[in-house]
Structure formats: structure tokens, C-alpha cells
Amino acid sequence: MSDLDAAAVSELSERARKLDAADELAYLRDRFVLDDTVYLDGNSLGALPAHVPDRVADVVRREWGELRIRSWEESGWWTAPERIGDRIAPLVGAAPGQIVVGDSTSVNVFKALVAAVRLAREGGPAGAGRDEIVVDASTFPTDGYIAESAARLTGCTLRPVLPAEVPGVLGERTAAVLLNHVDYRTGRLHDLPSLTAAVHAAGAVAVWDLCHSAGALPVGLDEHDVDLAVGCTYKYLNGGPGSPAYLYVRRELQSRFDSPLPGWNSHAEPFGMRSEYAPAEGAVRGRVGTPDILSMLALEAALDVWDGVSVDAVRAKSLALTDFFLECVREYVPEGRVVPVTPVAHAERGSQVALRCGDAGEVMRRLIARGVVGDYRAPDILRFGFTPLYVGFADVERAARVLAETLRES
Ligand SMILES: Cc1ncc(COP(=O)(O)O)c(C=O)c1O
């Protein structure tokens, strides 16, 4: 058993109870399938919304099983990528008609980055000389790998720098800049408005990866003039394992968006079966091939949980949850045993808390065995994601308490 300070446990448990009682989003937890584990891994795979299995069963049994090919039209399969894009749009601050759903984030990073270089090179000799892609040096690896390949294909040099150093390296050679809104490892939130403005001031094109921010905090794509953005839907958007990603193309850029993967789904007349390619108008240009309908319609159903939910309220609760977790960790965990690497400042914090811990892999294994599910990122990071739609303050207190107990044993 723990030898935690009983008074501290009692005080923080009571605070958690009051915070849960006052939580205006608490009712949303019932929209998900959860058990008595504390699930703090929604930043990796979001929980299952309770109504999704029935919807998927209907898609399989009726739309596929009975209507078969008719469903492309009658069940709206063909237009699902744009329709679901419009459901995601308000969650990332985009007006309709700018997001298309499909493919993985990795594939969308490729489309966006190559298209960004092509956009930057328009407009005469000044544009043509742009031969550098700047990438976040601390990025989730796939973005870095894809950026390296995009650079080779476009004859650019890849320049990996930390986000804080980006303004200092921008110049007339910069074509495109690929940044993560929230760092997957540390949970640091980068300054999207000012970095985007700096990229534009240099005449370059900004591409943002929203995997760890969409559904957890306001993004403001339109408001901040973001050019292109990508993101996954299986984290805070709860779309399910491997659910399709999305691509945002700002309206003013759509007519010039030149996809490096111009599949037939992005053709102006896909059923014209023409040998010459002519791109469709609008965000549809970001489509490639036949959409993965089962995953896509599971995602569409999952987005129902957002009906009536404000992203600002989600952000407020996310900050309250992460504040409370940091406080409980400070109170319970033996001094020096873990070091928070997530910024304390709200303006720099996403919806996760990362703790540096020597034996992080083993500690997380034991935490999971005790019903507190976070994850571990090599070499030494314990990651705890807080999905405001279904995580409560009692969960937070319990996670910190079990973490402290686990650490005291080792
Ligand atoms: C920032 C970021 N980009 C991309 C990905 C993964 O992309 P994909 O959906 O292609 O696997 C992740 C996955 O966790 C991520 O955190």
C-alpha cells in the first residue's frame, strides 16, 4: 500500500470531486465506451464513442450488404471525404469547403509539402529560386522522413531547426515550412499565429501538422491565414484505429494547389475516364483514390459526439486537467523522481503532460497493470494525454496517486 500523505490525498480527492461536480462537460463521458481504467492515451488512440458500432454495423449490413454499389450515390459514399471534412472544419477554425478527409497523415504531409513548394515557386524568378524546406527538427518522425523525400523530389535542401529558431532561418530561399502545432513528445504548443506570419513575411508557405491539437484546443486555421494543414482523426477526434486523416487547403490557394498525387478522385470529371488530367475545383483536389469508406463512416459517426460542444470549453477543461495533474504529481511524487517537460505556461501547453523518468518504459508497464493507461516514448518520457470529452478530475488525481505509489515501490 502507499505511504502517501493521507491529508494530501484527502484534500486533492475532495478537490477532484468538486471540480467534477462543477464540470460542464462531464455529461459527455457517457457518450463513450469506458471502464474503470483511467484512460490517458487519447492522444494516441481516442476512446470509442458508444454509438459508433451500430453505425458501422449499418454501413456494413445495409449500405454494403444490401445496397451494394448503389451506396456510392444513395448512401453518400462518394462525397464522404468533403462532407466529413466540413464536420471537422469548425473544430479547427475553418469555414466549409477547405478540408478533405482521406489517406494517412503521412500521405497528406507529402501532398501538402510538395504542393507548398510548387506554390512558393510561382510568381516569377523570385519564386523560382526558393530551394529550401524548413522542418521542425523535433517533429514526429514521419513528417521528417516525408519532408526529406519531398525535398529530394523538388530539388530542395532540407533544413531541420527547432520551431523557436524558425524565424531566424527564413529568407528568400525558403519555399515551405512544416511545423507541428503541438510537440508529440513534450506536449509543447507552438505559436501558430506568429510562426505562420513569419513564414508569410518571408514569402514562403506554411504547412501545419495538427495531430496533437485538433479536438483539444482552438486552432484558428482561417483566422491565422494558415496555408495548408494536415492532421489525424484517431486521437482527440476519436475516429478509430487508422481512421483517415485530413488535408486543409486555404480557399484562396485551392485553384493553385497542384497535388503531387493527382489520382482520379481529384479529377474534375472522375467518371469521364479521360486520359488527360484536369483537377477538380476546391478541396476535392486533395483527394487521391477510392476512399476507405468503412473507416471514414466510423469517423463521421464519431464526430457526432461534438454536437453542441464548444472547442473553447474543451480547451478550458484541458488546461484545468493538466494543471491539476501537475499539482497532484508535485504533491504525491517523491522529489526529483520525475521531471515535467511540458511547459507550465498555458500558452505553450497542449493537452498532454510529459514526465521525464529514468525507467519510463518499466514504470508505464506497471501503471497500465494498475489501471492507469498512458504511454511511453523512448528513451525516457511518460506521456499522459487528457481528452476533456471523457477524462475527469478524479481520474487525474487517481493517475497521479498510482504513479506516486508505483515510483515509491521501485
Ligand atoms: C505529429 C504526428 N504526425 C503524424 C503522425 C502519424 O501519421 P500517420 O497517421 O500517417 O501514421 C503522428 C502519429 O502519432 C503524429 O503524432
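Positions of Cβ are set from backbone N, Cα and C atoms, glycine also.
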Select one of Thr79, Thr157, Thr174, Thr290: the residue that TrEMBL places in the pyridoxal 5'-phosphate site alongside Thr105, Ser106, Phe140, Pro141, Thr142, Asp143, Asp209, His212, Tyr234, Trp264.
Thr290
Whole-number answer please: how many Å between the C-alpha atoms of Thr290 (pyridoxal 5'-phosphate binding site) and Lys235 (N6-(pyridoxal phosphate)lysine)?
23
Let me know the most crowded of the binding-site residues, choosing from Thr105, Thr142, Thr290 and counting other Cβ atoms within 10 Å.
Thr105
Protein Cβ atoms within 10 Å of Lys235 (N6-(pyridoxal phosphate)lysine), excluding its own:
27
Among the binding-site residues Phe140, Tyr234, which residue has the largest number of other Cβ atoms within 10 Å of its own Cβ?
Tyr234
Whole-number answer please: how many Å between the C-alpha atoms of Thr142 (pyridoxal 5'-phosphate binding site) and Lys235 (N6-(pyridoxal phosphate)lysine)?
16
Taking ligand 1 as the reference, state which of the recorded positions Thr105, Phe140, Thr142, Asp209, Lys235 have a Cβ closer than 6 Å to one of its atoms.
Thr105, Phe140, Thr142, Asp209
